[in-house]
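Undergrad: To start, I am sharing the structure in question, which I have written as structure tokens.
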Amino acid sequence: MELPSHKTKIIATIGPASKQKETIKKMIKAGMSVARINFSHGTLEEHAKTIETVRDVAEKLERRVAILGDLPGLKMRVGKIKGDSVTLRKGDKVVLTTRDIEGDETTIPVEFKDLPKLVSKGDTIYLSDGYIMLRVEEVRENEVECVVVNGGILFSHKGINIPKANLPIEAITPRDFEIIEFAIEHGVDAIGLSFVGSVYDVLKVKSFLEKKSADLFVIAKIERPDAVRNFDEILNAADGIMIARGDLGVEMPIEKLPIMQKQLIKKTNLAAKPVITATQMLVSMTTERIPKRAEVTDVANAILDGTDAVMLSEETAIGKYPVESVEMMAKIAKTTEEYRESLGYSRLRAWIDSLPKRSTIKEAITRSVIDALCAIDIKYILTPTRTGLTPRLISRFKPKQWILAFSSSERVCNNLAFSYGVYPFCMDENFNEKDIIMLVKGLGIVKEDDTVLLTEGRPIGKTVGTNTMRIFQIP
């Protein structure tokens, strides 16, 4: 078998433009590692069919594709629009109404009854991740009359942002918990928690999953100033982080976003947890076959910052070129990774070495792995794992070698789909080193006399963490 051309993981949102079996097949072949289901749109019946299609296609292609379910959260959204979209032009008057109607260019329904209580004359309201800007002219009992300051095309169920508004609702809603139950039932691998404000939002979901005896990977989406302020505690509780730049760039000064992204990626790397950079990465490809030069640079810089994964949203959900968007992301990743060595794990190693010396044996071993990679021409890193931690500890250094991870847990293997440079293999229970070598040789990944590095826990057969590193040539 042939490993992917790039190590950065690509998450693609499945929607009306990409839910067809043939399109999903092409996206997987192009490099999609994770299929994202956005539960803010569509019905659960539609999502169940999409999940089934992704699983079926991935199995036939013999590819491992994880499924991420993105929860709606507390986000205010516009309602249903006639024809699914409307063009709002600068200077137009438009009314936001809490009435349950179908919207048009003059009246837009909102799915939040308390909207009139949150705004006053002169306030700014943003729609569709800040692309459209409205100024409040008059507030009535169930309506807000506005003038369009920045126009654009508004689609059904797009988000509403009111900077500095205090939303009187929980971050994780009752509807979210219903969707989590659906996700458990349908074998979704990970859930994205929208509009997390504090560690308690993460812990509440973790507690719910524990009661359901479910071990879904919990990814906290950072899209509110509160989440940035409480980031360290959120990072400690979550399994992974998504930097959701659309809402974050509206809720805080946009000029602070680039540095904030770098800081959050660095912290998540240090914690050895996967970090996803999301929103508007190749957004021009929603309608154009070739992305903007600035978008290509944005993707490359996120990869150089240390992101594990990059995410496509409307580009693949509703765009004209879903397959081409994945292909472009893969091309950018491949080219950028070739230049990482001068900026990559040496910098992260310096950061880690500057931390207080509280390393575990496993962490010390993974640091030694990086030293060995710098000294010897090693082809692959082989990491048997029960929890996925050892591959992630190595992955944070972003080495140029593939990390081949082996686990008897299907869930662990799917969760590793979010980590940079990790290619997971699901093994039978009680597999050993001989089984690993037979597998990778049989697949044609390694050849006789290739030098590989193996991490393992000794004594073999005992439930112990990684405590040993060996370098040897494939017999």
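Just so you know, glycine gets a Cβ as well, placed from its N, Cα and C.
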Undergrad: Which single residue out of Asp70, Asp84 does Swiss-Prot record at the K(+) site shared with Asn38, Ser40?
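TA: Looking through Asp70, Asp84, the residue Swiss-Prot assigns to the K(+) site is Asp70.
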Undergrad: Arg36, Gly246, Asp247 bind substrate in Swiss-Prot, but which of Thr277, Thr279, Thr286, Thr287 does that record place at the same site?
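TA: Record check against Swiss-Prot: substrate site with Arg36, Gly246, Asp247, extra candidate from Thr277, Thr279, Thr286, Thr287 is Thr279.
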Undergrad: Taking 8 Å from the centroid of the Cβ atoms of Arg36, Gly246, Asp247, Thr279 as the cut-off, which other residues in that chain fall inside it around the substrate site?
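TA: Neighbours within 8 Å of the Cβ centroid, excluding Arg36, Gly246, Asp247, Thr279: Asp129, Lys221, Glu223, Ala244, Arg245, Ala278, Gln280, Met311, Ser313.
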Undergrad: What are the non-local neighbours of Asp70 (K(+) binding site), defined as same-chain residues 6+ apart in sequence with CB under 8 A from its CB?
TA: Arg36, Ile37, Asn38, Phe39, Ser40, Ile191, Gly192, Ser194, Lys221
Undergrad: Quick check: which same-chain residues outside Asn38, Ser40, Asp70 lie with their CB within 8 A of the centre of the K(+) site CB atoms?
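TA: Those within range, site residues removed, are Thr13, Arg36, Ile37, Phe39, His41, Leu71, Pro72, Gly192, Ser194.
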Undergrad: Give me the count of other Cβ atoms within 10 A of the Cβ belonging to Ser40 (ATP binding site).
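TA: Neighbour count, Cβ to Cβ under the 10 Å cut-off: 16.
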Undergrad: Would you work out the biggest C-alpha to C-alpha distance among Asn38, Phe39, Ser40, His41, Arg77, Lys158, the residues that bind ATP according to the record, and give it in angstrom as a whole number?
TA: 14
